[in-house]
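K.L.:
Shown below is the structure under consideration.
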C-alpha cells in the first residue's frame, strides 16, 4: 500500500512539469493553429541555458528560471516572426514539415555544440529529500511541481482576467471576429507563440536538474505533450493538467509495477495517445 | 461621423461581385441595404470593414480613405461590424464576449459600455455569466450587436440580424438598432426582411446583382412597384 501511494505521489509530482510543457504546445496548437514539432526544442534550449549558466557562473537554476523564460520567449517570438508567420496560410503538411525540420536542425545544433552526453545541473540541494510520514519526496521534483503549479495558476488568471489573455482565447475560438473588434490577430499569435516557448523553456530549467540536458531531451517531451493534448482535447487548456496527471501516473505505475518497468516508461505516452485517439474516434461515431 | 462608399468594385478570386457601388451613411441615420440572396450585400460590408480588398473605388470614413488599413485598424477608427453568422466566442461568457468588444479602449470605458449594452438588452445582463454558445438565437444576436457596441462605434454595419429569429424577436432587435441610431450612430443594416427594415429605416438602398438599383425613403421604396412585387410580394 505504501509503495502504491509513493508511486502515485511520484506521478503527481511529475504531472506539474508535464502540464507546463503541454500547455505551451496546446497554446501554439489552439491559438496560433500550428502543429509545432519543435516545441520540445524550446525546452532543450532552457535546459542547456540552465546548464551553461550553472557551469560557467554557478548560477542557481532557480535564478536561471526567469532568464530561460525570457530567452525562450524571445526565441519563440523570433521563430514565429521569421518562420511561422510566412506559412500560416500554407497547407498543414507544409507547416508540419517546417516545424519538424526546425526540430531536427536545433537538435543537431545542440549535438554539435554540446555533444551527445547528457549534462546534469547539480545544485547542492539536488539530492535532498523530504520525508512525509512514510513517504519520500525529492526536494527538486517537489519544488518543480510547486513552481509549475504556481505558473499554471498565474496562467489561469492571465487567461480569465487580463484582456490579452482573453484575446488569446478569443482568437482560438473565432478567427474572424477579433479583427472586427480592433484586435490584431497577428500580435496575439506572436505573444501566444512566445508564451508557449517560454513555458517550455522554464520547464527545461527544471528538467536540467530533475533529469538532464541533452540534444534529444526536448523531442521526448514534444511527443509526450502531444499525447497529453490529444487526451485533453485540442484547444482545451483546462483539460491539460488532468491529462498530464493521467500520463504521469500511468508512467509511475508502469515504472513501479511492470518488471523491468524502467525501460517501458518512455513508451507509455504512446499507449495513452493511442487510447485517447481511439476513444475520441469512437465517441465521434 | 460619415461613411461613404464610392464606386466600389470587388469580388472573390476572379468572380466579380460588386460593380461600382456607391452609398452613404450619415451620423444618427439608420440606412437599410436590401436585396435578394447573392446580391452582394455581405460582400459590400466585408469590403467596407477591410475583410476584402477593393478592386476599385474607395471607402471613406469622415473623408479619410481607409485603403490599406486592416480590419482592426478600422475598428479602432470607430467602425463597428456585426458580421454574418454572429461570430461569437462560444466558450466564453457573455461578459467576456462583451469585454473583448472593448479590448482596445481605455479600461474605464468598459463600465460605460456594459451599462449601455445592458440598458439596450436587459436580457444579456441576466445571462452575463452564461457561455455565449448556450444562448438562444435571439440572445446571441443581441450579444453580437452588444459586443460591437462595446467599442463605441460611430458607424455600425449589421449583417442580417433577423436571420433565424422569430418575427417578434426580429422586430425587437431591429428596434434596438433604431435606438442605437437615435443615439448618434450611423447604422448600415443589411436585411432580407424588407418589410420590417422599411419600417425602421430612415433611408434604404436596394441592391441587385452587385449594383444599387434603387434608393430613397422607405415611403418611396414601399410605394415603388418593383419593390412591392419583388420583395414585399404585394
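Yeah, the Cβs are placed from backbone N, Cα and C, and that goes for glycine too.
TrEMBL lists A:12-35, A:42-59, A:65-84, A:96-115, A:135-159, A:264-281 with the feature transmembrane segment.
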K.L.:
Do the transmembrane segment (A:42-59) and the transmembrane segment (A:96-115) share at least 3 Cβ pairs under 8 Å, sequence separation 6 or more?
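P.N.:
Yes; at least 3 Cβ pairs under 8 Å.
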K.L.:
Let me spell it out: take the transmembrane segment (A:135-159), skip the flanking residues so only those 6+ beyond its ends count, and list any with a Cβ under 8 Å from a Cβ in it.
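P.N.:
Same-chain residues near the transmembrane segment (A:135-159) but 6 or more away: 2, 5-6, 9-10, 12-17, 19-20, 23, 65, 125-126, 128-129, 165-166, 168-169, 199, 202-203, 206, 209-210, 237, 241.
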K.L.:
By a Cβ-Cβ criterion of under 8 Å, what residues six or more beyond either terminus of the transmembrane segment (A:12-35) are in contact with it?
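P.N.:
Tertiary neighbours of the transmembrane segment (A:12-35) are 42-43, 80, 84, 88, 92, 95-96, 99, 137-138, 141-142, 144-149, 151-152, 155, 168-169, 171-172, 188-189, 192-193, 195-200, 202-203, 206-207, 210, 221-222, 224-226, 228-229, 232, 234-237, 240-241, 243-245, 247-249, 251-252.
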K.L.:
Against which stretches of its own chain does the transmembrane segment (A:65-84) lie, if we need a Cβ under 8 Å and a gap of at least six residues from its ends?
P.N.:
32, 34, 38, 42, 45-46, 49-50, 53, 95, 98, 102, 147, 189-191, 193-202, 204-206
